[in-house]
Amino acid sequence: MGNRGMEDLIPLVNRLQDAFSAIGQNADLDLPQIAVVGGQSAGKSSVLENFVGRDFLPRGSGIVTRRPLVLQLVNATTEYAEFLHCKGKKFTDFEEVRLEIEAETDRVTGTNKGISPVPINLRVYSPHVLNLTLVDLPGMTKVPVGDQPPDIEFQIRDMLMQFVTKENCLILAVSPANSDLANSDALKVAKEVDPQGQRTIGVITKLDLMDEGTDARDVLENKLLPLRRGYIGVVNRSQKDIDGKKDITAALAAERKFFLSHPSYRHLADRMGTPYLQKVLNQQLTNHIRDTLPGLRNKLQSQLLSIEKEVEEYKNFRPDDPARKTKALLQMVQQFAVDFEKRIEGSGDQIDTYELSGGARINRIFHERFPFELVKMEFDEKELRREISYAIKNIHGIRTGLFTPDMAFETIVKKQVKKIREPCLKCVDMVISELISTVRQCTKKLQQYPRLREEMERIVTTHIREREGRTKEQVMLLIDIELAYMNTNHEDFIGFANAQQRSNQMNKKKTSGNQDEILVIRKGWLTINNIGIMKGGSKEYWFVLTAENLSWYKDDEEKEKKYMLSVDNLKLRDVEKGFMSSKHIFALFNTEQRNVYKDYRQLELACETQEEVDSWKASFLRAGVYPERVGDKEKASETEENGSDSFMHSMDPQLERQVETIRNLVDSYMAIVNKTVRDLMPKTIMHLMINNTKEFIFSELLANLYSCGDQNTLMEESAEQAQRRDEMLRMYHALKEALSIIGDINTTTVSTPMPPPVDDSWLQVQSVPAGRRSPTSSPTPQRRAPAVPPARPGSRGPAPGPPPAGSALGGAPPVPSRPGASPDPFGPPPQVPSRPNRAPPGVPSRSGQASPSRPESPRPPFDL
């Protein structure tokens, strides 16, 4: 080729393949190579063995090649083989190479007939090979055998497509000559991925096994079934030759003799056979690499830029340098502190758009989950009134009280305040859980130092647990402070006079039925989940919740109201999701066992996320719709047992007024307590836990890490990180070397140009049989035409027969003769004759011969 740099291209690509295969990125970079495709038992592996000159590939019946074999042939003075997975081991016995291929295949695919797309990289050094890189792929098959899955045909096809769809991959389409070439699996795949034929090279095997009297001359001359890069014929060893231990050197000599002695192929002998195929593939692969150099250079440069920043940290890396470890430790601690603060306080960078995280989840706990838990702890209305009535009667004792006792108010309030402890402690637990989760998220960046990550998580988590006790003590102190003194002079407390006035107003409202303007608590979309399919199925509506009722509309314009439901006597319960449902569901039901909506005992409402469900539940709590409790039925039965007392209560108007007054006072004071607790709980947790943890990370974490032991052990890298660093450095140097070699290559080197396009429509129609089975190209002398005058020099095919009588006088056109064998066996093959236009014969004269004076005018010809 006149340029030493061009000869180095194939070894360069081999080095790139090894470097990229080692780091698992071979599929990302489209390296120039040759993929060998063909049907099962088409002779692909035999062609590769002929290249090497050794028996080294597994043989047998059915599918033998079950993993892609990347075969890198390197011209060298000594002969040996190396596997990428057996680094440093040289195989001089090629029988061991065969056994290693079988063993490596079984390690991944199993001992039966399974397949895998993971390639085996084999490099063969030999003085008998040219620099070449080929990929031997599993043969295409139709029927699964052994433990192969039923879709083995599609699995193999998908594996082939991973290689042949790449623009830089040449396709070596191997087809046997003794089968219909127009139905060749290899050519079908090649046509599908390379419709222009720019990457496809045809190989015809088993030429010696064709039926007697047939040959593939027209195919090999690229006339019958043309490909842009043409065909090359080879003759492999038969099974008898293999069983007889016929070596490949003798097989190549027999192949050469076959082409020289065969009458149909002797004129093509210098362009047939395995040595010529190897030479052509070497030349075409080298030219293909040269043609793809600009694109390959761009991909290499982009790959280099993508890893350059990371490799920059590794260039001067010294594992035992104490200064490096100290610097890395300081950087890791500082990065962890910054990440933790950003996750808690919020930041514009690295925003999670899929779910809430860090501070956003804690905010949701403070302002949605905690208020919800507070409201859940309130008494049921009937139970609360019953307890107030018992308290009033027990305070009066044997006497009949004339005034409402304030001791009843204090007793009920203290009982209510004590119940706040549970949701407050639960709030602390939820915040702790989120903090620990945030710590683990922030330490993910420390994966390269597993000991440091483990120790850092342990120290910070231990500190959070220590602050947990202090925070819970302070929360309990807040509740005890509320229990210590009932401040009935609070500016927001209604007092006895206002409570009695409100009680009277409520009675008037019940009798008059007048309604003031109602405040809207929440609006939003919900899906009614339990409507039957016959009635339209689940539908989404626009819901409006107020303190008095729940309404839903067709859309958010609120023009077409579908239904309005009173919230009196309603409660909430959770509903399990259906098997195929992705929505989260809760239900409304009537405590008096009445239908809630039409014929339904409960109204099932669905949301997309659990957060929406929790938010709607909190809104329903504000409207007085509480969750169902486990003890509701027991309390209901107790109420029935004490039905006489309830009846007596309802019969005593004075007691009923006193109960209503205390109820209003309790509501007013508990609203003050809840407001205070909802305000102080986030502040307490922020001060004692979250802010304290941030300060600990910034000021004391590093000191704790230094005091925990040996820093060298703490900063030990993980094995995965060390391996990744070595692989990244190896790939970086391989990329730099590749770009350096490519830069030295003269890309203007003259090479064999791409052949011109050919008519390959036969691949689409696929109706032409393989081989020269028609008499149009029979090489044998069995069907010779009668002796005819010699043809003009340079003419193709036999001369036409003598003209029929009357043809010189303008009669019917001559009937074409059936072509026979070419008189010159080394001359060009005969052309395939076209169908002549049929013309009617001339009308003969009475004498049986046309008169010279009255020539017979021919009738105009017509086409059938």
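Each residue, glycine too, has its Cβ placed from N, Cα and C.
Here Swiss-Prot flags 28-294 as domain 'Dynamin-type G', drawing on sequence analysis. Taken from Swiss-Prot, the feature 3'-nitrotyrosine applies to Tyr125. The phosphotyrosine annotation in Swiss-Prot covers Tyr125, Tyr354 (among others). Here Swiss-Prot flags Ser306, Ser347, Ser512, Ser774, Ser778, Ser822, Ser851, Ser857 as phosphoserine. The omega-N-methylarginine annotation in Swiss-Prot covers Arg796 and rests on similarity to another entry. Swiss-Prot lists 205-208 with the feature region 'G4 motif'. Taken from Swiss-Prot, the feature region 'Disordered' applies to 767-864.
A helical conformation is recorded for Ser306 (phosphoserine) in the three-state DSSP classification.
Looking just at the domain 'Dynamin-type G' (28-294), the mean pLDDT is 83. Secondary structure at Ser347 (phosphoserine), taken from DSSP and collapsed to helix, strand or coil, is coil.
Sorting the modified residues Ser306, Ser347 by the number of other Cβ atoms within 10 Å puts Ser347 first. With a cut-off of 8 Å between CB atoms and residues at least 6 apart in sequence, the same chain places Val74, Asn75, Ala76, Thr78, Glu79, Tyr80, Ala81, Glu82 near Tyr125 (3'-nitrotyrosine), listed in sequence order. Ser306 (phosphoserine) and Ser347 (phosphoserine) have their C-alpha atoms 26 Å apart, to the nearest angstrom.
Residue counts for the region 'G4 motif' (205-208) under DSSP, helix first, then strand, then coil, are 2 helix, 1 strand, 1 coil. Secondary structure from DSSP puts Tyr125 (3'-nitrotyrosine) in a beta strand.
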